[in-house]
């Protein structure tokens with residue numbers, strides 16, 4: 001009878017939550033939750049009835065307490081199974097709210113959504129505490145259940161506060177800040193500390209409900225232990241903050257310039273630098289923590305110094321490669337897909353490791369050069385290039401006519417669909433550079449896109465040759481005249497070769 005009434009009351013209570021987008025969840029609860037609720041109500045009523053003094057006198061103290069304990073355990077287990085089975089429909093009933101309420105009462109809506117998402121956690125905790133109290137109190141569970149209920153309420157409040165903190169942390173920042181990456185990671189750090197403080201407050205209040213206290217323990221018998229633990233926690237938190245700032249600084253330094261190629265630099269050096277920083281911060285934090293715990297860290301420091309000296313003397317070339325490569329990539333002297341000349345090796349950068357750079361030259365040959373062997377870097381892929389032309393003008397040709405012809409070729413190239421995107425300036429004449437065999441050497445240049453200077457030079461030479469052929473003109477070609485002297489001493493006719 002009690003089980004039937006309990007299940008009916010629960011189903012009616014569920015029906016009161018009916019509304020838009022809740023019909024399916026309510027249908028599941030109406031048709032599937034009646035029998036589990038009946039079992040819960042029956043076991044709970046049976047366990048409460050066995051605490052009646054008249055039944056205890058009739059059945060005996062031991063038998064009555066044993067039966068009450070079994071009934072309470074079955075009621076708790078049935079409740080736990082019910083929570084696990086119907087957690088999604090009940091969460092659906094709690095979370096789904098009318099649109100008008102969600103728009104006008106955002107804070108309340110966020111709180112209800114958090115409760116709907118995690119409602120089963122405090123419920124299961126309450127079931128577990130009631131089971132524990134049932135065995136500890138040997139049948140008399142009123143005090144333990146009251147304390148369990150208070151702890152459950154505290155847990156719900158803790159989860160709500162943490163949920164609101166998490167929601168606030170996920171709000172996007174307004175506007176674009178220069179140091180947005182720093183602020184984002186520091187915000188995550190402080191929000192994590194806020195979560196930890198909320199959980200510590202819950203633990204303290206929960207222990208006070210059960211007659212204990214962390215603060216009293218730290219001020220009394222556990223003073224020395226608590227001081228060491230607080231020192232350890234402070235060291236770890238400070239090391240964590242240093243790690244966040246260092247990692248963010250490295251990330252910002254490697255990715256702030258040349259966005260198209262920053263990813264390659266970051267992928268190459270980020271793991272190495274992060275690992276080195278992490279190991280260094282971890283070792284320092286560990287030594288400081290051990291020192292605060294009362295241990296003698298002098299032997300550890302001496303051993304670390306000896307190991308560092310051994311590595312430094314035994315791997316000087318490797319260390320030189322690492323340090324040189326680190327500065328080359330941090331200074332952005334070269335990157336993936338750059339066309340560079342490093343110590344006589346000319347080619348496109350295909351790969352960067354922690355100690356070598358890999359180039360592929362125009363013949364397809366791969367060159368692997370250690371960073372320590374690189375004394376200078378010529379990078380042809382930065383910002384822009386210059387396509388330089390040196391045209392020999394014969395003495396028989398007017399210099400102004402040659403300049404006019406070259407301007408026509410340059411103007412035509414700037415309208416060429418294949419080359420106009422590569423040419424960034426008009427043809428710039430730099431005058432007569434020199435004289436060779438009586439021919440004037442005209443020097444001119446185009447400002448071009450990076451790595452496109454050679455392509456523009458070849459296209460210009462081809463176009464100039466075609467214009468000369470169409471005009472019936474010829475460039476200054478070296479000629480050699482041979483004069484044959486006969487036996488009589490008179491020269492024969494010159495024959496050009």
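Each residue, glycine too, has its Cβ placed from N, Cα and C.
Remote same-chain residues near the domain 'Mechanosensitive ion channel transmembrane helices 2/3' (275-316) are listed as 228, 231-232, 235-236, 238-239, 242-243, 246-247, 250 (criterion: CB distance under 8 Å, separation of at least six residues from the stretch ends). If you look up TrEMBL, you'll see 275-316 marked as domain 'Mechanosensitive ion channel transmembrane helices 2/3'.
Summarising the annotation, TrEMBL assigns domain 'Mechanosensitive ion channel MscS' to 318-382. The average pLDDT computed for the domain 'Mechanosensitive ion channel MscS' (318-382) is 83.
The domain 'Mechanosensitive ion channel MscS C-terminal' annotation in TrEMBL covers 389-473.
Annotated transmembrane segment per TrEMBL: 63-86 (among others), in sequence order.
Residues or ranges marked as transmembrane segment by TrEMBL: 107-132 (among others).
What TrEMBL records for 144-165 (among others) is transmembrane segment.
According to TrEMBL, the transmembrane segment annotation covers 186-210 (among others).
Residues annotated as transmembrane segment in TrEMBL: 230-254 (among others). Beyond its flanks by at least six residues, the transmembrane segment (230-254) meets 181-182, 185-186, 189, 193, 262, 265-266, 269-270, 273-274, 277-278, 281-282, 284-285, 288-289, 292-293, 329-330 of its own chain at Cβ-Cβ distances under 8 Å.
Residues or ranges marked as transmembrane segment by TrEMBL: 275-295 (among others).
For 301-330 (among others), the entry in TrEMBL reads transmembrane segment.
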Same-chain residues near the transmembrane segment (186-210), Cβ under 8 Å, at least 6 residues beyond its ends: 147, 150-151, 154-155, 157-158, 161-162, 165-166, 168-169, 237, 240-241, 244
